[in-house]
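Novice: Once you've had a glance at the structure underneath, I'll fire off some questions.
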Number of protein chains: 2
Amino acid sequence: MSRYKCIISYDGSGFCGYQIQPKDRTVQGELEKALRRIHKQQHILVEGSGRTDAGVHAYGQVIHFDSPLDVPVDKWPTVLNTTLPDDILVKSAELVEDDFHARHKAVGKEYRYRVYTSPERDPFKRFYSHHYPYKLDLQAIEKALGYFLGTHDFTSFCSAKTTVTSKIRTLHEISFTQEKDELVFKFVGNGFLYNMVRIMMGTILEVGRGRKKPEQIPIIIEEKNRKLAGKTAGPEGLYLWKVFYE
Amino acid sequence: MSRYKCIISYDGSGFCGYQIQPKDRTVQGELEKALRRIHKQQHILVEGSGRTDAGVHAYGQVIHFDSPLDVPVDKWPTVLNTTLPDDILVKSAELVEDDFHARHKAVGKEYRYRVYTSPERDPFKRFYSHHYPYKLDLQAIEKALGYFLGTHDFTSFCSAKTTVTSKIRTLHEISFTQEKDELVFKFVGNGFLYNMVRIMMGTILEVGRGRKKPEQIPIIIEEKNRKLAGKTAGPEGLYLWKVFYE
């Protein structure tokens with residue numbers, strides 16, 4: 001039995017999220033279905049670095065699985081890709097120690113969030129970038145981003161459904177760049193709570209539109225109250241970009 | 001009754017083509033459904049500059065329709081866009097003479113075709129760019145393109161199903177540019193036969209891969225035999241870019 005770590009990419013628009021579900025089409029479900037076919041109906045559990053919601057994309061999600069098959073490690077991407085549907089791609093595979101775990105061993109993640117602000121929606125972007133048709137004050141946004149940096153209790157920026165014990169997380173980097181008619185935000189941290197990036201984004205966009213002041217961000221953080229933050233921005237703009245390990 | 005000309009854009013991946021069909025989802029079908037809603041169940045015929053096949057996109061398709069409603073011309077895009085599904089966008093509307101006709105008055109069209117050649121398929125491009133994972137000889141392609149220019153009988157480059165009387169068309173421009181990891185081909189002509197761009201593209205790609213020589217193109221044209229040309233390249237790479245009128 002060997003353990004393999006794979007970096008995968010997927011277009012989230014055709015999935016009801018990452019995590020397997022009895023009826024709906026999910027990324028984990030399709031991965032396990034492909035592995036079952038490759039292993040002659042033997043069930044192979046796939047562990048991901050974390051879930052992504054319906055409509056959320058991944059450019060560099062990490063998974064691991066154990067296999068008794070004698071497939072050379074560099075052949076695994078091809079073997080999987082010829083079996084997987086074409087909205088999931090295995091980009092690389094690596095033989096890892098038996099104690100590697102895609103979720104438990106992750107020490108950080110990078111997410112990106114794409115926004116476009118043209119007055120009209122773009123039919124070609126509807127699944128891939130968030131439409132926010134307002135003039136944005138980029139200086140105010142820049143200022144708001146700074147307040148999120150560092151270690152905070154992010155209770156105000158996670159879904160009320162979140163059940164984890166500690167809501168303290170550290171953000172190492174938050175920035176944005178302009179790519180043609182889109183703004184691309186980058187979030188790097190040691191971990192992210194449920195909906196955290198999307199709620200931060202919803203709040204940042206309200207700052208950009210002038211509905212909140214950048215100076216309100218530290219107060220919202222302090223209050224630990226989800227109701228004070230902005231709306232949860234749509235899943236279509238969100239990409240799990242990279243997962244970091246020691 | 002006033003006649004309106006609209007420029008529309010659509011993501012073809014969710015449509016069984018442009019032309020209305022009894023059961024399947026089509027662009028014309030969605031446009032007429034939206035207009036019927038706006039006109040309190042009165043049927044409004046929509047005429048397009050031409051059909052596009054299932055999976056083929058449009059950046060600048062042109063349509064026209066007649067309406068008895070007193071909607072200011074600059075309001076038509078908004079009125080339509082709030083009723084249309086979000087994979088179709090009306091980009092502009094213009095009041096035209098009663099004898100304007102989107103198809104009959106068109107004097108030329110521009111198509112674009114996107115290709116990417118990376119060894120691995122890209123989940124995010126699967127509906128928007130044609131995957132051709134081979135090293136391409138761009139000089140050979142450049143040379144091949146030249147042979148298509150001008151006025152020819154394009155019988156070898158149209159579907160055998162084509163029923164039009166004359167298969168003579170004039171191509172004014174054929175060129176390509178590199179955009180990041182994609183090649184974007186541009187075709188401008190006075191008209192295009194059924195599947196013509198896709199069959200030219202299939203042939204051009206075979207030249208790029210070394211399976212045909214550029215010098216074979218004039219012979220293939222001369223022979224007027226569909227079997228001599230290359231495969232019909234996939235619909236996902238094709239965009240109806242612009243329609244020209246006098």
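Positions of Cβ are set from backbone N, Cα and C atoms, glycine also.
Checked TrEMBL, it gives:
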DOMAIN    A:8-103  domain 'Pseudouridine synthase I TruA alpha/beta'
ACT_SITE  A:Asp53  active site, nucleophile
BINDING   A:Tyr111  substrate binding site
DOMAIN    A:146-246  domain 'Pseudouridine synthase I TruA alpha/beta'
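In terms of burial and nearby residues, how do these features look in this structure?
Specialist: With DSSP classes pooled into helix, strand and coil, the tally for the domain 'Pseudouridine synthase I TruA alpha/beta' (A:8-103) is 24 helix, 25 strand, 47 coil.
Within the same chain, residues at least 6 positions away in sequence whose Cβ sits under 8 Å from that of A:Asp53 (active site, nucleophile) are A:Gly12, A:Gly17, A:Tyr18, A:Asn195, A:Pro235, A:Leu238.
Note on A:Tyr111 (substrate binding site): other Cβ atoms within 10 Å of its Cβ, all shown chains, come to 24.
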Novice: Taking DSSP three-state, what's A:Tyr111 (substrate binding site) in: helix, strand or coil?
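Specialist: Once the DSSP labels are grouped into three classes, A:Tyr111 (substrate binding site) ends up as strand.
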Novice: In the domain 'Pseudouridine synthase I TruA alpha/beta' (A:146-246), how many residues does DSSP put in helix, strand and coil?
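Specialist: Within the domain 'Pseudouridine synthase I TruA alpha/beta' (A:146-246) the tally stands at 33 helix, 32 strand, 36 coil.
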